[in-house]
Structure formats: C-alpha cells, structure tokens
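Enquirer: The [2Fe-2S] cluster binding site annotation in Swiss-Prot covers 34, 45, 48, 62 and is backed by similarity to another entry. Among the features that Swiss-Prot reports, [4Fe-4S] cluster 1 binding site is placed at 94, 98, 101, 107, with the record citing sequence analysis. What Swiss-Prot lists as [4Fe-4S] cluster 2 binding site is 146, 149, 152, 196, and the listing cites similarity to another entry. Annotation source Swiss-Prot lists domain '2Fe-2S ferredoxin-type' at 1-78. Sequence annotations record features per position, and here Swiss-Prot assigns domain '4Fe-4S His(Cys)3-ligated-type' to 78-117. The domain '4Fe-4S Mo/W bis-MGD-type' annotation in Swiss-Prot covers 215-271 and rests on sequence analysis.
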C-alpha cells in the first residue's frame with residue numbers, strides 16, 4: 001500500500017493507483033474529460049490538474065502514479081486558475097449549441113464549465129468549424145463540438161476491437177474521424193455515445209426527441225440476447241424513447257449491445273393490439289371474451305396428449321410457468337422452450353449454463369471456441385474476451401467458423417476429427433490444453449443446432465473430463481445461448497420432447513420460428529405482441545404485452561435470474577401474459593392457484609431454488625454426458641448471422657433495417 005496526503009488527510013491506496021484515483025478515494029471531486037476508468041489513460045484534456053508539493057507546476061492527476069509521501073492539494077488558487085485556463089481553451093472553439101444539442105442537461109462540459117469555468121469569455125476571433133463525419137445509422141456526429149478527449153478512439157480500439165476511429169492533423173487542427181467514413185463495423189458502437197463527454201456523438205434515432213428531465217426511468221433487462229445486460233428504459237407517457245445501459249460489474253459493466261440499445265422502435269410497428277379469430281380463412285377482429293371462449297372450447301374438444309405449448313425467445317419465466325401449470329392441469333405434458341430443436345443436455349443445470357460466468361472470463365488463460373460466434377451472439381461478453389486477448393493474458397483458439405471476432409485467434413480447422421483428437425490427446429493443440437490452468441470451452445449453436453449435436457457434445461464432455469475443467473476452483477465448460485428465454489425455460493422443465501406432426505392444438509407463446517408447414521392441420525393459438533409468422537398462421541390471436549409493458553423474470557446464460565420491470569402500458573387492448581393465461585384458465589374452469597404476479601413468483605421460489613436468489617448465481621452441479629448418436633461428416637461451422645434482426649421486435653425496427661442496409665453497403669465497398 002502507498003501512503004500519501006490529500007488536502008491534509010492521510011490515505012492509503014494500492015500500488016499502481018493514480019493520483020486521480022487517490023483523490024477520488026479521499027472523497028475529492030476532480031473534474032475530467034479524457035479519463036475513463038475502463039479505458040487506457042490518455043492525459044490530454046488537462047482538466048484534472050492538481051497541485052503536488054515540490055512540483056514546479058500542476059500535474060495531470062489521471063496520468064501520475066502515486067508514490068509514498070506525496071502531498072496533493074486539489075483546491076488551491078493555483079489549481080483553480082489552472083482549471084479555469086483549461087476550460088477557457090476548451091470553450092474557444094466550442095459552439096453555443098446547448099439549446100439544440102441532444103446532450104443538453106446531461107453534458108459533462110456544461111456541468112464543469114458552470115462549476116470550474118471563469119464565467120466570462122475573452123475570445124473574440126472566429127471559431128473553427130469541422131465537417132460532420134458519417135459513422136452509420138446509429139451515431140449522429142457534430143464534430144465542431146468535439147474537445148479531442150479521444151474516448152471514442154480508445155473505446156473503439158481497446159473495448160470494441162475495431163481500429164476504425166482515429167485522429168488526424170495536429171494542434172488546433174486535430175480532427176477525430178472514421179477515416180473512410182463508413183458504417184462502424186461493431187455490434188457495440190453505441191457505447192461511444194455514452195462515453196462522449198460532450199455533444200459530438202449522439203444517438204441518431206433519438207435526435208431531437210426528448211430532454212432528460214421529461215423522461216421516466218425504469219430498470220430492466222435486455223432481452224435480445226441471452227447475456228442479461230442491465231438496461232434503463234427511458235419513456236415518456238406510453239412511448240419508449242430510448243434505452244441506455246445500467247452498470248452491472250458482473251455482467252455488462254456499463255456497456256450495451258447495439259441491438260439491445262436501438263431496436264426499441266420495433267415496439268411501434270406491426271403490433272397486435274386486439275384479439276383476432278380466423279373465420280372462413282380470414283382473421284377478423286373479436287372481443288376478448290369471444291376469443292378466450294373459442295380457445296377454451298377448442299381445448300376442451302382435443303385430447304390432452306394432442307396439445308402442445310411452445311415458448312418463443314422473448315417469453316418470461318412467469319408466463320412459461322403459468323402456461324406449464326395450466327397444461328399439466330389439463331393433463332398434457334407437452335411444452336417446450338426449445339423452438340429450434342437445440343441438442344442440449346439438461347441432466348444437471350451446469351450442463352447447459354455458461355459456468356465460467358461473464359466476469360469469470362477475467363481469470364481464464366485459454367479459451368477454446370467450438371462452433372461459437374460470440375461476437376454476434378453475445379457482443380458484450382465477446383468484448384471481455386477481446387480485452388483480455390489484447391492485454392496478452394488470454395489466448396483464444398477455435399474449431400469452426402472463419403469470421404472476425406475482433407481479436408487474435410488461432411484457427412484449428414472445422415473437421416469434427418479435431419474434437420476427437422483433442423479428446424484422446426493426439427492433436428498438437430493438446431499441449432496448450434494441458435498447460436492451461438484455467439481453460440474455458442465455449443460451445444455455440446454451431447454444435448447444438450446440428451442433428452448430430454448430442455454426439456459432438458459427448459466428445460466435448462470427454463475433453464472437459466480429461467482436462468478437469470469443472471472443478472471446485474474453476475468452472476470451464478460453457479454453453480453460449482442466443483435467446484433470452486431458453487435458460488429460464490430449461491430451469492422450470494419447460495422442455496419436453498415433442499413431435500409437431502402428431503399434434504392437434506398448438507399454443508404458441510410468442511413463437512415465430514418453428515416449421516409451420518408441419519402444423520397445417522393443427523389448430524394454432526398465438527399469444528404474442530407482433531404480427532409475424534406465428535400470428536399469420538394462427539386460428540386465434542391473443543394480443544400480449546411486450547417485455548417493456550410487463551414485469552418478468554429472465555435467466556441469463558450464466559444462470560442468473562433478473563427482473564425486467566414494466567415501463568409502459570400495453571398497446572390497444574393487449575394484456576400481460578399471465579393475465580391472459582389466468583383468464584383462459586377461468587374459461588376452462590381450472591384453478592391454477594396463482595392470481596397475480598407476486599403469487600407466481602412465490603410459487604416459483606418454492607419449487608425452484610434458483611428463483612429464490614434473484615440477481616445471484618447459485619451453485620450448480622455438472623455431470624458427464626455421453627451419447628451413442630453417430631457423427632456426421634459435415635464440418636463444424638459458426639456462420640455469421642443477420643445480427644440486427646433475430647426476433648420479432650428487432651425485425652420490425654426501422655433502425656435495425658437501416659443497420660442491415662448500411663452493413664451490406666459497407667461489405668460491398670470492402671469487397
């Protein structure tokens with residue numbers, strides 16, 4: 001520990017800390033623009049100047065390491081004058097855009113100019129202006145406002161792993177640019193908006209829409225992937241205006257994927273706002289009572305074993321649990337969250353989780369990707385891997401896939417024989433596996449979405465056992481899930497094998513990705529919020545609330561249950577999922593024993609211990625899996641997906657459609 005004096009107070013800080021961190025620990029507020037705790041130090045704004053005894057001039061506290069016996073002053077006339085001077089220089093070329101700037105009200109420059117500036121301006125020359133740069137459909141630029149803090153540049157290279165932003169020229173002519181002015185090739189580019197301390201980088205979809213003080217903030221969870229990123233929904237009235245990240249050090253830190261951040265406009269389009277019944281081949285509007293009575297009458301006329309419920313990728317745990325309870329009361333055990341027929345082993349909870357945990361990536365020294373594409377499936381998780389690789393503390397190899405993961409990676413090939421050789425120890429990469437103390441294996445849908453997924457999974461389990469990576473001090477086996485609902489569904493047993501061709505009635509809970517050609521003679525009930533494939537095929541449509549319009553539990557890929565709170569009201573006469581299921585149970589004269597959300601959650605906590613520990617990860621068991629299925633000769637792949645459109649909300653988002661167009665245009669230019 002290092003001892004130093006800050007404004008007369010003796011403090012101790014860890015070795016390697018900066019003076020800025022020491023001052024912050026001492027409770028002192030140090031103004032800054034370029035410094036960010038998650039980025040490399042630049043030291044170029046000079047706003048964090050403090051006085052150090054025996055130093056002839058103020059020092060940049062963010063870049064100065066602490067040493068024993070330092071005496072620091074943060075509020076002397078010298079410091080005050082230095083900060084006023086720096087602020088005056090920063091404002092020389094900064095435009096008076098505050099009334100029309102989207103950063104107004106949440107701008108670091110505004111706040112610090114008010115607190116640390118002189119209050120008067122001595123500059124009477126012409127201000128410089130800079131042409132705005134094009135960075136794609138998500139980021140709106142106003143580069144005349146840029147103060148050259150270089151946060152965006154460092155984020156792009158250090159966190160996102162893309163070397164596409166930099167500075168050109170020198171002195172007062174310096175400009176931050178994307179060089180070729182193309183769409184940024186990153187799935188987490190929107191975070192540059194958050195870290196920009198001024199209004200140089202703003203959200204293009206949110207431009208001129210609202211001011212901070214007009215918005216209601218609601219804590220929620222991102223549902224467009226399985227990471228469980230913590231988000232804040234900002235709404236005005238019953239409209240979602242924007243989505244921002246919430247800090248959670250164990251999951252997303254303070255970052256957010258572009259799909260979770262920008263796809264909210266999809267909540268406005270193609271919404272199901274009233275019930276429909278198919279009559280004479282056409283869907284016609286109906287009342288709730290008529291729709292529910294039709295559903296109840298049809299259910300009563302079908303044998304229980306011919307009824308199935310399938311949950312979609314955005315379904316909450318509570319909705320699946322109530323629907324499962326209803327089907328069990330009817331005498332049916334046909335229900336599944338596995339609409340894509342993934343080959344997942346569910347003998348133990350640790351067999352289908354990301355056991356290392358997202359934060360645990362910091363400890364790994366070797367990562368083996370098998371049929372996994374974390375860049376598109378879990379962008380924020382992938383950025384953690386990338387940061388470790390760029391710090392030379394993690395090596396990554398992969399089997400299957402030739403896509404760019406934004407970091408250095410060793411390609412082992414795509415032949416299934418590679419996994420067999422690793423399992424028996426004859427492959428040359430075996431040496432690296434043996435040398436690794438904390439080996440992490442990530443299995444993606446390039447494995448479990450295959451017909452021979454169980455056979456490959458069995459081989460991977462042999463590797464897990466051979467190298468003992470599921471032990472008390474380290475959990476190295478990981479399944480990379482790609483949907484928000486799947487872990488929660490598996491946790492409650494909403495996962496029985498089903499054969500669609502043998503069914504007479506299908507209850508689809510927001511399901512749009514099943515092969516509907518197998519359900520041509522099946523009566524389909526669709527409970528969901530968007531008019532997509534499920535609604536188009538339905539005989540009865542029950543309009544439900546989206547994730548922003550109801551409270552629900554989602555379990556992320558590492559097995560952590562979290563609550564997404566209700567931010568706005570459902571559209572039209574749509575109802576919350578559990579309310580629809582409860583009313584349907586009433587028409588069926590069935591008592592499911594749960595009348596409200598609180599009762600559902602109490603029952604969940606009693607029956608499944610994971611739901612008694614919201615926001616926490618419980619200890620999970622793991623057991624070796626073996627299969628006698630035959631391996632195919634097809635190579636393992638992890639093909640790039642249409643990242644921006646993976647569910648009904650993102651598919652109906654105008655912003656996401658623009659992203660797809662921009663990416664296609666960029667790819668054509670590069671080609």
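Every residue gets a Cβ built from N, Cα and C, even glycine.
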Enquirer: Could you give the number of helix, strand and coil residues in the domain '4Fe-4S His(Cys)3-ligated-type' (78-117) as assigned by DSSP?
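Expert: Counting residues by DSSP class gives 27 helix, 0 strand, 13 coil.
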Enquirer: Using Cα-Cα distances with a 10 Å cut-off, which of the binding-site residues 101, 107, 146, 149, 196 are near residue 34 ([2Fe-2S] cluster binding site)?
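Expert: Cα filter at 10 Å returns 149, 196.
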Enquirer: Who sits close to residue 45 ([2Fe-2S] cluster binding site): which same-chain residues at least 6 apart have their Cβ under 8 Å from its Cβ?
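Expert: 32, 33, 34, 35, 86, 90, 147, 148, 149 - these are the non-local Cβ neighbours of residue 45 ([2Fe-2S] cluster binding site), listed in sequence order.
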Enquirer: In whole Å, how far is residue 48 ([2Fe-2S] cluster binding site) from residue 98 ([4Fe-4S] cluster 1 binding site) when you measure between their Cα atoms?
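Expert: For residue 98 ([4Fe-4S] cluster 1 binding site) versus residue 48 ([2Fe-2S] cluster binding site), the Cα atoms are 23 Å apart.
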Enquirer: Could you check which of the binding-site residues 107, 146, 152 is the closest Cα neighbour of residue 62 ([2Fe-2S] cluster binding site)?
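Expert: Of the binding-site residues 107, 146, 152, 152 has its Cα closest to that of residue 62 ([2Fe-2S] cluster binding site).
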Enquirer: Fill in the CA-CA distance, residue 146 ([4Fe-4S] cluster 2 binding site) to residue 94 ([4Fe-4S] cluster 1 binding site), as an integer in Å.
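Expert: Distance between the two Cα atoms comes out at 8 Å.
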Enquirer: Any idea which of the binding-site residues 62, 98, 107, 149 has the thinnest Cβ neighbourhood at 10 Å?
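Expert: Among the binding-site residues 62, 98, 107, 149, the sparsest Cβ neighbourhood within 10 Å belongs to 98.
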Enquirer: Given the binding-site residues 48, 152, 196, state which is nearest to residue 101 ([4Fe-4S] cluster 1 binding site) when distance is taken between Cα atoms.
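Expert: So, of the listed binding-site residues, the one sitting closest to residue 101 ([4Fe-4S] cluster 1 binding site) is 196.
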Enquirer: Which one of these binding-site residues has the most other Cβ atoms within 10 Å of its own Cβ: 101, 152?
Expert: 152
Enquirer: What Cα-Cα separation, expressed in whole Å, is found between residue 107 ([4Fe-4S] cluster 1 binding site) and residue 152 ([4Fe-4S] cluster 2 binding site)?
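Expert: With distance taken Cα to Cα, residue 152 ([4Fe-4S] cluster 2 binding site) is 16 Å from residue 107 ([4Fe-4S] cluster 1 binding site).
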Enquirer: Enumerate the residues of the same chain, 34, 45, 48, 62 excluded, that satisfy the criterion Cβ within 8 A of the mean position of the Cβ atoms of the recorded [2Fe-2S] cluster site; list them in sequence order.
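Expert: In sequence order, the nearby non-listed residues are 20, 32, 33, 35, 42, 43, 44, 46, 47, 60, 61, 63, 149.
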Enquirer: In sequence order, which same-chain residues at least six apart have a C-beta under 8 angstroms from residue 196 ([4Fe-4S] cluster 2 binding site)?
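Expert: Correct list: 103, 149, 151, 152, 202.
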Enquirer: Would you mind reading off the Cα separation of residue 48 ([2Fe-2S] cluster binding site) from residue 94 ([4Fe-4S] cluster 1 binding site), to the nearest angstrom?
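Expert: If we compare the Cα positions of residue 48 ([2Fe-2S] cluster binding site) and residue 94 ([4Fe-4S] cluster 1 binding site), the gap is 19 Å.
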Enquirer: Relative to the Cβ position of residue 146 ([4Fe-4S] cluster 2 binding site), how many further Cβ atoms are located within 10 Å?
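Expert: Residue 146 ([4Fe-4S] cluster 2 binding site): 24 neighbouring Cβ atoms within 10 Å.
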Enquirer: Let me make sure I understand the structure: which of the binding-site residues listed (34, 48) has the fewest other Cβ atoms within 10 A of its Cβ?
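Expert: Least crowded of the binding-site residues 34, 48, by Cβ count within 10 Å, is 34.
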